[in-house]
Amino acid sequence: MFELIIFEILGVLNSSSRYFHWKMNLCVILLILVFMVPFYIGYFIVSNIRLLHKQRLLFSCLLWLTFMYFFWKLGDPFPILSPKHGILSIEQLISRVGVIGVTLMALLSGFGAVNCPYTYLSYFLRNVTDTDIVALERRLLQTMDMIISKKKRMAMTRRTMFQKGEVHNKPSGFWGMIKSVTTSAPGSENLTLIQQEVDALEELSRQLFLETADLYATKERIEYSKTFKGKYFNFLGYFFSIYCVWKIFMATINIVFDRVGKTDPVTRGIEITVNYLGIQFDVKFWSQHISFILVGIIIVTSIRGLLITLTKFFYAISSSKSSNVIVLLLAQIMGMYFVSSVLLIRMSLPLEYRTIVTEVLGELQFNFYHRWFDVIFLVSALSSILFLYLAHKQAPEKHMTP
């Protein structure tokens, strides 16, 4: 589908051929997203439950019907479709897939717009010195020494109890059981207390180790920010900061004034520049080529960003039993994400190129999807700013605590 968007701009293939391939691709991807993948997700979930092995096909169908019910009810609260479309039309499926995909895109875009400058800018790096690292390593070593000494005490206590016969000479019979419950060996209480202290110290040592690793990583980032490549990414961080502020501002304006852009940003930007400078310029010709480059960048970066994020997520939660389900869930998310990308990229295309995309997708309420994206983007971006602010504020305090 992304190739077909580029083909629209470049004029590759006949118009009827492109329309046929658009329809075929949409039908196939909707068949996969609405029917095949959800059914197989249910099938693998049921397969992991031993009690349902014999009836797994039946229960898989029940899970798929449940998914279809909620998937269909999802479209009720949103003005996503013209009322004249039938219940089995392709627009019914695209509209609902679009709501889920646009929500996912907006959440990721909102977090990415805030996290990218926070990651790149050296301004947000806290000052870490060798003295800080040495002090934290000393605390870690002291904690490890205390753990070792307490474990030695536990071993010596157990040895003393064994030599005194407190381990093997347990009383037998009913009264012996009553006595063993009501009274305890003198050394066992000490062992319990020492074990509790060891557990607390081991948890502290884990936290200190993670903090030490974090300090080393921060120091490496500070040294990296002084290199040419680091300065380049720092400059990008300032650029993305301006972009983030502008995007949040524009999303707020769009929501407050219920506004949706009619002209693609490339053509609009060229028109403003040409009118301001007062020069002769072929806006249509250059908007075509710049739109091609811009759409290509959007496609590559969105696919790369989504794949990186989902791969990290997969590695974090996958296991031998859940790997099939997780892979299918990632496929479902990616499919909905890409269908929604086509819905939103449509507005970045000049008017003559978005006609066939509009015809293929049907009479959807495209303005709704752009407004919905702005709302979710704004909520995601503001939540990310709050979260990163609290995390950044808490980090120095954590390292200052003795």
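Cβ atoms here come from the backbone N, Cα and C positions, even for glycine.
Database features, via TrEMBL:
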DOMAIN    89-154  domain 'Golgi pH regulator conserved'
DOMAIN    224-393  domain 'Abscisic acid G-protein coupled receptor-like'
TRANSMEM  20-45  transmembrane segment
TRANSMEM  57-74  transmembrane segment
TRANSMEM  94-116  transmembrane segment
TRANSMEM  235-257  transmembrane segment
TRANSMEM  290-315  transmembrane segment
TRANSMEM  327-349  transmembrane segment
TRANSMEM  369-391  transmembrane segment
Under 8 Å for C-beta pairs, could you tell me which stretch among 20-45, 57-74, 327-349, 369-391 has the largest tally with the transmembrane segment (235-257)?
369-391
Within the same chain, where does the transmembrane segment (20-45) have neighbours whose Cβ lies under 8 angstroms from its own Cβ atoms, ignoring anything closer than 6 residues to its ends? I mean 6 or more beyond.
1, 4, 13, 56-57, 59-64, 67-68, 71, 90, 93-94, 97, 324-325, 328-329, 331-332, 335-336, 338-339, 356-357, 360-361
Same chain only, please: residues at least 6 beyond the ends of the transmembrane segment (369-391) with a C-beta under 8 Å from a C-beta of the stretch. Say none if there are none.
78, 80, 98-99, 102-103, 105-111, 113-115, 118, 244, 247-248, 251-252, 254-255, 258, 260-261, 340, 343-344, 347
Counts of helix, strand and coil residues, the domain 'Golgi pH regulator conserved' (89-154), according to DSSP:
59 helix, 0 strand, 7 coil
